[in-house]
Amino acid sequence: MSAEPILELRNVHSGYGTIKALKGVSLKVYPGEVVAIIGANGAGKSTTLMTICGIIAAEKGEVLYDGKKINKVSPEKLPIKGLCQVPEGRRIFPRLSVEENLILGAFHRKDQEGINKDIEYMYSLFPILGERCKQHGGTLSGGEQQMLAIARALMTQPKVLLLDEPSLGLAPIIIQQIFDIIKDINEKNGTTILLVEQNANLALQAATRGYVLETGEITLEDKADALLHNPEIRKAYLGE
Amino acid sequence: MIQEFKKIWKQYAIGMLWLLGLLWPLLGIHPDGTLTFQKTFTVWLYILAGTLVCLFVYVANQGGQLRFITTPVDGVKKSISLFVKPFPRWVWFVVIFVLAVIYPQITGRYATDVAINVLLYICLGLGLNVVVGLAGMLDLGYIAFYGVGAYTYAVLNVTYGVGFWFCLPLAAVFATIAGCIVGYPTLRMRGDYLAIVTLGFGEIVRIVLNNWMELTNGPNGILGVKPVSILIPVFENGFSFEIFWVKKLQFFYYFALALAILVIIGVHRLNYSRIGRAWESIREDETAAELMGVNTFIYKLLAYAMGAFFAGLAGAFFAARMRFVSPESFTFLESAMVLCMVVLGGMGSIPGIMLGVVALIALPEVLRDFESYRMLIFGATMIIMMLFRPAGLIPAQRVGKRSEEKE
Amino acid sequence: MEYFIQQLINGLTLGGVYALIALGYTMVYGVIQLINFAHGEFFAAGGYMGVIVLSYFAGLGYMETHPVFCLTASFALSMAFCAYLAIGVEKIAYKPLRKESRLAALLSALGMSIFLSNGLMLTQGVYDKAYPSELFQGGLSFGLVTVSYLQMLIVCLTGALLVGLNILVFKTKIGMAMRATAQDKTMSALVSISSNRIISLTFAIGAGLAAAAGIMVGLYYGSVRYDMGFVPGIKAFAAAVLGGIGNITGAMVGGLIIGMVEIFGAGYLSGEYKDVFAFIILIAVLYFKPTGIMGENIDDTRV
């Protein structure tokens with residue numbers, strides 16, 4: 001691990017109007033890692049990711065990416081810098097075709113050839129998307145949509161990929177597939193991954209390190225293995 | 001803070017340059033094949049100066065540099081409220097009422113005329129407030145009901161010789177029926193569709209009035225509508241009644257005042273009734289209201305009918321006062337103006353709307369020289385109010401506390 | 001029969017104009033779910049810019065020597081002017097209200113409409129402004145049916161603009177981004193599409209099309225007036241709703257239908273009530289099929 005974190009949150013507060021969702025979250029993500037944030041419903045996991053991406057403005061604290069403060073950077077500039085999110089619920093553009101969804105992932109890129117090559121690469125990574133390339137995104141099944149969402153994010157050529165609940169609403173076998181792909185991306189492309197999950201077991205198995213988020217605050221931080229074997233975690237999040 | 005001001009000034013500069021680019025083609029290109037810059041610059045400089053002053057005041061106020069003005073003003077406000085507090089509310093009502101009663105005695109004919117206008121528009125504004133402010137449905141064809149009321153009296157009076165007092169309830173009933181006819185098919189729609197459909201209905205009414213020559217005499221309008229009459233008991237030669245035509249403006253003023261007071265009381269009572277609460281719930285969240293057992297359709301229709309009812313009453317008075325009606329009086333711009341009054345004053349707030357009406361009727365009368373800028377200012381007012389004070393000059397006071405405001 | 005064909009051609013001309021205006025409504029609604037009341041004023045402003053530019057050229061004497069150049073220039077300048085106007089209007093009156101209630105934005109739009117039409121009146125005068133009329137005399141006769149050159153120009157130009165817009169929206173990357181923004185603004189931001197720019201672009205395109213329609217109407221009827229935007233604006237909105245608001249193809253079809261209905265209604269039923277037909281269609285569509293004939297899903301609007 002290199003010493004400089006690629007993504008860092010320092011005492012970040014944010015929320016929706018009068019409701020405070022994050023009350024001083026600090027975390028670090030180092031290049032090449034897979035970091036998992038686990039926590040219950042409403043703990044502020046998605047808010048954390050949305051705050052990193054600038055969709056929700058941080059009221060206090062700093063978000064640092066690559067050593068630079070990105071609090072004031074407007075959200076659409078972040079994918080250009082290599083920070084990309086796969087949001088909760090996939091958010092595929094329902095009335096655009098699969099191919100158009102992928103092309104939009106590369107919206108800021110100008111190298112037409114590279115884009116075409118990447119699309120082909122995505123189709124080889126997710127063959128089902130290739131079969132359905134002319135179909136509207138909204139007509140795909142949940143698992144296919146999740147694959148499309150990840151593929152679309154990869155089209156931005158991210159250095160850091162933020163994944164929000166990739167297992168949400170999917171069948172176990174599909175979930176396993178998705179997590180295999182996530183590991184693959186991390187290992188082959190060296191993409192750093194910040195993963196948010198309710199399914200703590202899966203997330204910690206895939207991750208190198210983990211954070212536990214409870215009602216807007218980080219309560220625990222450790223190596224993923226250690227967290228997996230932490231009796232309190234096992235009791236609270238793994239149902240033992 | 002300073003950074004924020006920098007941003008404001010930057011945006012302002014861009015905005016003014018944009019305006020210059022917009023004005024020049026409109027003012028500087030002439031059909032004789034010449035281009036001029038003089039006029040554009042003059043106009044632009046006027047606007048620049050005006051807006052600059054406003055912006056300076058705004059920025060200074062935000063930055064607290066105007067404390068030497070705002071502090072004494074706040075002090076005066078405080079002492080006024082301290083002075084006012086010991087008196088119960090009814091004292092003020094009595095004072096306003098007495099002022100309203102003696103008003104035509106102490107002012108001239110012209111001022112009375114304006115006052116009558118204000119009173120009629122108060123009725124209209126409060127009626128529209130039922131629809132927009134209480135039930136939350138944007139109605140852009142509201143003036144049509146006013147027109148229905150006015151034409152009901154005019155047609156019945158001129159063609160059939162029916163008297164005012166008999167026509168007044170009829171006018172209200174016809175307007176209510178018109179309201180139901182408009183309301184019934186449109187109430188299934190969402191807010192913005194509703195707005196455009198009511199606009200369409202308003203236009204249909206105007207076009208019908210304009211073209212139904214046999215009944216309405218088309219664009220020429222109906223002349224010779226009789227004024228309000230009352231029967232006065234006469235005791236000479238035994239006991240009999242004599243018809244007294246209220247032609248004098250002063251007397252008519254009192255009728256309008258009575259109508260306005262009636263409408264104010266009516267709307268106030270509606271606001272705090274079970275029906276008012278139902279409307280409020282529909283405005284805030286229609287689905288939730290329906291799930292809580294509010295029959296949204298009936299209540300929305302009722303809002304429409306009530307709004308139309310008040311407009312119909314005001315319409316009959318309008319016809320009786322002008323003694324002439326024509327479709328010209330019921331255009332979309334009139335609807336927009338009434339709406340502007342409601343928005344300016346504060347949707348759902350009765351004193352607010354009264355203030356809004358006074359502001360938009362009385363001020364243009366004072367600033368006669370700016371007559372042609374009137375609608376321009378109306379439009380700008382609506383935008384500015386929405387941007388800076390969407391709740392209006394006197395925001396409506398809501399009954400009870402709401403969870404999100406408790407903190 | 002000749003009368004019928006003649007009316008058909010007239011209806012096509014008018015319908016094309018309505019379609020051009022309706023596109024602006026439908027695109028803006030698709031992207032920010034706002035009925036842009038000021039859109040009719042963009043149309044009127046376009047008509048005025050057309051007359052200003054054409055009269056200027058006429059004053060210089062270019063109209064006789066380079067008629068094609070003058071016409072092209074007037075279309076281009078007036079479309080650019082209206083796009084410029086619309087971008088500013090959006091920034092001033094709609095953008096700050098994007099997070100507020102829809103009623104607030106709607107009222108702001110209404111205020112903007114009143115403001116703009118009166119602004120036009122103050123700068124251009126209350127009275128009708130006549131187009132220089134030397135252009136486009138005559139036409140082709142097929143038996144008893146006459147098609148004026150002007151009608152041909154309007155139909156061809158409308159067709160070209162509609163085709164161009166379709167290509168832009170459905171075939172290019174920027175069109176893809178527009179559709180994506182309409183469907184999900186947050187997600188578009190996450191794939192580096194700037195929704196502010198897309199919204200400005202949408203307003204600019206819509207206003208440009210309306211401006212073209214404004215010149216066509218000005219040429220067709222020979223004059224423009226400051227309040228000419230109001231009634232065609234509502235009718236075009238009716239067309240947009242008829243086609244399913246947010247649906248571009250729907251707006252084109254809807255415009256043609258409204259134009260045809262108006263012309264045939266005026267021709268066969270009653271000329272005085274011609275304005276009423278569009279409103280009745282609007283109300284009927286909203287009552288019986290609020291999603292429009294092209295079947296648009298209300299909860300999920302898009303360009």
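Heads up, residue numbers simply count up from 1 along the chain you see.
Just so it is clear, glycine is given a Cβ too, placed from its N, Cα and C backbone atoms.
Per TrEMBL, the feature transmembrane segment maps to C:12-35 (among others). Residues 42-43, 94, 98, 102, 105-106, 109, 151, 154-155, 158-159, 161-162, 165, 178, 181-182, 198-199, 202-203, 205-207, 209-210, 212-213, 216-217, 220, 232-233, 235-237, 239-240, 243, 245-248, 250-260, 262-263, 301-303 of the same chain lie 6+ residues outside the transmembrane segment (C:12-35) yet bring a C-beta within less than 8 angstroms of a C-beta in it.
Under the heading transmembrane segment, TrEMBL lists C:42-60 (among others). With a cut-off of 8 Å between Cβ atoms, the residues of this chain six or more beyond the transmembrane segment (C:42-60) that come close are 21, 24, 70-71, 73-75, 77-79, 81-82, 85-86, 116-117, 120, 124, 129-132, 134, 206-207, 210-215, 217-219, 223-229, 232-233, 236.
The transmembrane segment annotation in TrEMBL covers C:66-87 (among others).
Among the features that TrEMBL reports, transmembrane segment is placed at C:103-127 (among others).
Residues 9-10, 12-13, 16-17, 19-20, 23, 75, 135-141, 175, 178-179, 205, 209, 212, 216, 219-220, 248-249, 252, 303 of the same chain, all 6+ positions outside the transmembrane segment (C:147-169), place their C-beta atoms under 8 angstroms from a C-beta of that stretch. According to TrEMBL, the feature transmembrane segment maps to C:147-169 (among others).
What TrEMBL lists as transmembrane segment is C:198-221 (among others).
The annotation transmembrane segment is assigned in TrEMBL to C:236-264 (among others).
The feature transmembrane segment is assigned by TrEMBL to C:276-295 (among others). Long-range contacts of the transmembrane segment (C:276-295) within the same chain: residues 234-235, 237-239, 241-245, 247, 249-250, 253-254, 257-258, 261-262, 265, 269, each at least 6 residues beyond the stretch ends and with a Cβ under 8 Å from a Cβ of the stretch.
When Cβ-Cβ distances below 8 Å are used as the criterion, the transmembrane segment (C:66-87) is approached by residues 42, 45-47, 49-50, 53-54, 57-58, 135, 157, 200, 203-212, 214-215 of the same chain, each at least six residues removed from its ends.
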